[in-house]
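Marked as transmembrane segment by TrEMBL: A:6-28, A:35-56, A:62-84, A:96-113, A:119-140, A:152-171, A:177-196. If you look up TrEMBL, you'll see A:11-84, A:100-171 marked as domain 'Glycine transporter'.
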Amino acid sequence: MSFTADDWVLVLDMLGTVVFALSGVLVARRLQMDGFGLLVLASVTAIGGGTIRDLVLGVRPVFWVVDVLYLWVILITCIVAIPLAQLLSRAKVNWLLLRADALGLATFTAIGVNKALDLGAPAIVAVGMGVLTGVGGGVIRDVLAREMPMVLCREIYATACIAGGLVQVLVDHQTGQTPLAMLSGMLVTLLIRLAALHWHWQLPTFGKLDQH
Amino acid sequence: MSFTADDWVLVLDMLGTVVFALSGVLVARRLQMDGFGLLVLASVTAIGGGTIRDLVLGVRPVFWVVDVLYLWVILITCIVAIPLAQLLSRAKVNWLLLRADALGLATFTAIGVNKALDLGAPAIVAVGMGVLTGVGGGVIRDVLAREMPMVLCREIYATACIAGGLVQVLVDHQTGQTPLAMLSGMLVTLLIRLAALHWHWQLPTFGKLDQH
Amino acid sequence: MSFTADDWVLVLDMLGTVVFALSGVLVARRLQMDGFGLLVLASVTAIGGGTIRDLVLGVRPVFWVVDVLYLWVILITCIVAIPLAQLLSRAKVNWLLLRADALGLATFTAIGVNKALDLGAPAIVAVGMGVLTGVGGGVIRDVLAREMPMVLCREIYATACIAGGLVQVLVDHQTGQTPLAMLSGMLVTLLIRLAALHWHWQLPTFGKLDQH
């Protein structure tokens, strides 16, 4: 059985869908929402980024209208995650939320860059599309939950995304191997983001001279 | 004169447009906005859900660009509602806002489900599209007004939507009568939501064990 | 060398892109974001309104995917603006932010009205499209930064937009001169908004009788 580049994209897309749905479940737990509200929050988090990607690229109708698999994956993720998440303390929920979000960010960024490269878009558009796809779902989740969007946080969020996107574009241009490029980009995004969370890395922030 | 399924959809669409525009007016009154800011808030509330529906389904251009009726209905609703709303106390505004929102939710959910079924979408997509259409406008209104989106509230909001959508899909599959299915779904959504508001119904919330 | 109506639109579009990117930079400075987070905020502010315009009108893919110029302009604006903005005090940042936002609002409103008129849309749709295009980017910026969206503020924001849009539609219908109509609309929006900021103009707000 051969495993094509399209299969890779599907596997990564499902992985991103599951972890972003999970991150929606964890935020819903923090807000003490009921089961169906949680399902809505998990769904917009999981398919929000891809929906924006498809809209901006002009793909229509949007992927989850065409392929019913996504909504079922979200539904099953919620059903499995609810009893498990009940066992977690608030601190563990926060810890897990940041990691699930990082994995979703890395996955969806790689997919967004890949779709744009498929269309022959130049590097800057591909990176921009990666950021939009990766960041979209999490931003909608945070805006609905009235929390500061992680993309605005100081612990290297967009930076990880942009670095991963640049690496992916480079590897893709040099080798022409889509799966290799996607995995490289994903790993770069994920490792930078996880390292930033672990060691509290921050880039020099803008606005230091605020006191004068 | 025969009254076709298309006429039903138009009537419901106008009803949803008027009540969601009204809900935008009531929020604008609470924020003490001026008349034109109010017009903008009423518009995004009334056409936001349908716009997201059309974008996701790939209908283009979006309905209110094609059919000028919607913007006129919103404009007239605002002109009529402003002097009337002035007479209301803050408590009455809140009371009315929740009811107008419930009616808009029920109407737009039914329309969203119907559009997806028209395209031959499977049940889970139809229900998802109903939730998105019904919830979209109100979420934009609440996000702009910096209030907790009603969809995240604990008084059975998404639950009503999903139940109504499921009933509509079932009736449509069993009878093939679009107007009957839409009315059934709408009534289920509306009655569940109104009952939840009246008796403060809540589903068991997720996250009870938060204290450990 | 002849300067066509299309060239005018491009010049205004670039102007709006630069000033809205700048307004994103200034908000990012206030939030003490790092350089790449700032780039994301500047981008969504600068291309958000036009993206919504293209989506609603059914243009696909969206302009910045087709024309790589926009993302480069944003990138260069950020690179130039960061060291300069460092020199500003918080009060000056606020002062500049409101002016840059006003100029972006005026420019993008004129472009939105123009695109709708190009498609033969009736006056009310053209004005609505102008408001959506002008307001979109700034609303996304404010929602992400968790600030009260300027469109809901009391100092004649949507009012300026709607007045400018109406003037542009009138001049366009009377003279058929697109550049003249765009400049007239832009000037009306800009001057009303700047005057409102300068003299703290407010329309009678809705909700005066709140005390009973």
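Numbers here mean position along the shown chain, with the first residue as 1.
In case you wondered, yes, glycine gets a Cβ from its N, Cα and C as well.
The stretches the transmembrane segment (A:96-113) and the transmembrane segment (A:62-84) do not meet in space: the count of Cβ pairs below 8 angstroms, excluding pairs fewer than 6 apart in sequence, stays at fewer than three.
The stretch from A:6-28, A:35-56, A:119-140, A:152-171, A:177-196 with the most CB pairs below 8 A to the transmembrane segment (A:62-84) is A:35-56. Helix, strand and coil content of the domain 'Glycine transporter' (A:100-171), in residues and according to DSSP, is 58 helix, 0 strand, 14 coil. For the transmembrane segment (A:152-171), the residues of the chain that approach it from at least six positions outside its boundaries are 102, 105-106, 109-110, 113-114, 117, 123, 126-127, 130-131, 134-135, 177, 180-182, 184-190, 192-193, 196-197, 200-203, 205, judged by C-beta separation under 8 angstroms. Same-chain residues lying 6 or more positions outside the transmembrane segment (A:35-56) and placing a CB less than 8 Å from one of its CB atoms are 13, 16-18, 20-25, 27-29, 62-64, 70-71, 73-75, 77-78, 82, 104, 108, 111-112, 115, 129, 132-141, 144-145. Counting residues of the domain 'Glycine transporter' (A:11-84) by DSSP class, helix then strand then coil, yields 63 helix, 1 strand, 10 coil.
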